[in-house]
Every structure is written in structure tokens, then in C-alpha cells.
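According to Swiss-Prot:
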SIGNAL    1-21  signal peptide
DISULFID  C50-C56  disulfide bond
DISULFID  C51-C64  disulfide bond
MOD_RES   C64  cysteine amide
Amino acid sequence: MGMRMMFIMFMLVVLATTVVTFTSDRALDAMNAAASNKASRLIALAVRGCCARAACAGIHQELCGGGR
């Protein structure tokens with residue numbers, strides 16, 4: 001194999017690796033966004049539960065809308 005052919009093979013491997021890595025990162029970003037959204041909803045449900053109880057709402061006024 002000549003140097004030119006070896007260089008072309010090297011560039012093809014680099015290109016293939018870059019494409020696979022890029023698409024994997026995008027899929028991972030989508031999974032992270034979905035997990036983050038689910039966590040945000042769970043936190044919101046917990047805060048609403050706290051705000052429904054007077055004792056907890058009094059302690060966490062900044063979360064329950066009892067601003068200063």
C-alpha cells in the first residue's frame with residue numbers, strides 16, 4: 001500500500017469515528033433532556049405537596065410563593 005492509500009484509509013477511519021461520536025452525543029443529549037424533564041416534574045410535585053401543608057409552606061416561603 002502506498003502512502004497516499006494509507007493516508008486515505010486513515011482519513012476514512014477518522015471521518016467514520018467522528019460521525020459515530022457525533023450521532024451518539026446527540027442521542028445522549030436527548031436522553032439527558034428527557035431525564036432532566038422528568039426530574040423537574042418530580043421536584044415540582046414534591047414542592048406542591050410541601051406548599052399544601054402550612055408548616056412546610058411557612059418554612060419554604062420562597063418556593064411556595066410567600067415572597068418577602
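Yeah, the Cβs are placed from backbone N, Cα and C, and that goes for glycine too.
Location within the structure of each feature annotated in Swiss-Prot.
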| residue | record | CB count, 10 Å |
| --- | --- | --- |
| C50 | disulfide bond | 15 |
| C51 | disulfide bond | 16 |
| C56 | disulfide bond | 14 |
| C64 | disulfide bond | 18 |
Between C64 (disulfide bond) and C56 (disulfide bond), the C-alpha gap once rounded to whole angstrom: 9
